[in-house]
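Taken verbatim from TrEMBL:
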type     : residues                                         : note
BINDING  : 10-15, 35, 40, 91-95, 132-133, 166, 277-280, 347 : NAD(+) binding site
BINDING  : 162-166, 221-225, 261, 268-274, 339-340, 443     : substrate binding site
ACT_SITE : 277                                              : active site, nucleophile
DOMAIN   : 333-448                                          : domain 'UDP-glucose/GDP-mannose dehydrogenase C-terminal'
Ligand code: NAD
Ligand code: UDX
């Protein structure tokens, strides 16, 4: 099967970068990324590459190379579906906020809308690729919709979950550990698997392209995220024991990470994991387990979330108790708001919950983040509905300069591990703060000896020394 045109529904953190890389590596294929969000599409088409809606190191130069050549961003969803032999679905699959499964199950309404639209528009056979993260067996629902509505053309459904991490998306896409494609073992299923495999094989070694059945592929994505998040919760649980016992979590992580069975990656203690995926996908897994009556399995995975909530809460509790049990009217500076460095994404960022707790204690918070804009920070807080948006604006200020954010502060809290925080002039920050000047390093990135020499009272997550 010769593929000339593909499209992707959903121009978000996954759809945008993934399709940009496919377009760069496959100049012989036209790639159209469509979205109903007009502002987002306009931003993808912005002449000024600083205005792309997703910040990812290296993404701007790829978009510059391919956009207008064989990479297009558009709001004309029907046209793109009609023109394409392969359609990726990369829309959001958030946790349900209503009805059965509220707060746990994945909300599949956007997926179903896409499936109905594809069925309505398609007049020729199509390959439909699940790129979004989905509950296991979603392909059966998509298939049923596609086969029972529309023009009765043939649809082949593949599962091709995305494993990129934000902040390193471009590298992850260019050099993936593996590409996973699930499909049926019928002749048409094999043909579809080959068509998608051939696209990736333009730059990914074939031995790294793994093909499985559809259900294994869907479940592998949830499993990978559950294992990764479980590692963070495990190291964070140990960080609390370290603080009580005089051990140091970085030393413990190094010691266990040298065991080749454990490995050194993903063992960095933190103020808690964030991001749009871990919590949502584990909750989804817990819901699936419960729906099959597997309560022990559900409880096991739910604990990963509970430890994460605890880690965020204990960080804000520590700030309050260290600042003499009251932060009312005190200025606390947050360095970082994004859920990790090198991204402008704030979804489920630990900073949001920590800020919300401290604001409830009437603290005054100043925030500096190199990539997150004030509008996003206020919208994250307003979404919680803990207090009015006017109160949020009165209590929390967003600064464009880190030194200004720290001026006259009682304490600085590191919420994101941005590299630039390490090289700040900490003497200058100290000189302009209230004394005693406290630093709460929720990412363990600063140099304790250096900060204590300057005069800071320094707390590092996971360090009891
Ligand atoms: P996102 O919210 O950034 O983007 C989704 C886009 O889909 C939005 O722009 C939205 O307007 C658009 N959309 C929704 N319904 C639509 C419709 N009917 N027609 C056209 N456009 C529509 O989400 P994301 O972070 O890119 O995640 C997408 C999927 O990929 C999710 O299932 C997520 O779990 C998964 N995923 C995300 C990451 C990540 O790091 N963000 C990594 C791997 C997998
Ligand atoms: C994650 C998965 O890594 C990726 O494969 C999947 O496709 C999407 O979900 P992402 O959420 O973008 O990616 O970033 P990730 O690097 O996994 O970090 C998630 C959170 O865990 C961040 O808040 C990060 O700061 C935190 N984390 C990660 C730690 O606290 N310690 C670590 O050692 C690693």
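Glycine is no exception: its Cβ is also placed from the backbone N, Cα and C atoms.
Shown here: features listed in TrEMBL, placed on the structure.
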| residue | record | DSSP (3 states) |
| --- | --- | --- |
| 10 | NAD(+) binding site | coil |
| 35 | NAD(+) binding site | coil |
| 92 | NAD(+) binding site | coil |
| 162 | substrate binding site | coil |
| 225 | substrate binding site | helix |
| 269 | substrate binding site | coil |
Contacting recorded positions, sequence order - 10, 13, 92, 95, 162, 277 vs ligand 1, Cβ under 6 Å: 10, 13, 92, 162, 277
Contacting binding-site residues, sequence order - 13, 222, 269, 279 vs ligand 2, Cβ under 6 Å: none
Close in space, distant in sequence - residue 35 (NAD(+) binding site), Cβ under 8 Å, 6 or more apart: 9, 10, 11, 12, 15, 41, 73, 75, 77
Proximal residue to residue 166 (NAD(+) binding site) among recorded positions 225, 272, 277 (C-alpha distance): 277
Average model confidence [pLDDT] within the domain 'UDP-glucose/GDP-mannose dehydrogenase C-terminal' (333-448): 98
Distance, residue 165 (substrate binding site) to residue 13 (NAD(+) binding site) (CA atoms, angstrom): 10
Least Cβ-crowded entry, counting other Cβ within 10 Å, from the binding-site residues listed as 165, 222, 269: 165
Alpha-carbon spacing, residue 269 (substrate binding site) to residue 279 (NAD(+) binding site), which is rounded to whole Å: 17
Of the recorded positions listed as 162, 222, 272, 277, 339, the one whose CA lies nearest the CA of residue 92 (NAD(+) binding site): 277
DSSP-derived helix, strand and coil totals, residue by residue, for the domain 'UDP-glucose/GDP-mannose dehydrogenase C-terminal' (333-448): 44 helix, 19 strand, 53 coil
Alpha-carbon distance [residue 277 (active site, nucleophile); residue 162 (substrate binding site)] in Å: 11
Closest of 95, 277, 279 to residue 165 (substrate binding site), Cα positions, recorded positions only: 277
Integer Cα-Cα distance in angstrom, residue 279 (NAD(+) binding site) to residue 272 (substrate binding site): 11
Distance, residue 277 (active site, nucleophile) to residue 339 (substrate binding site) (CA atoms, angstrom): 11
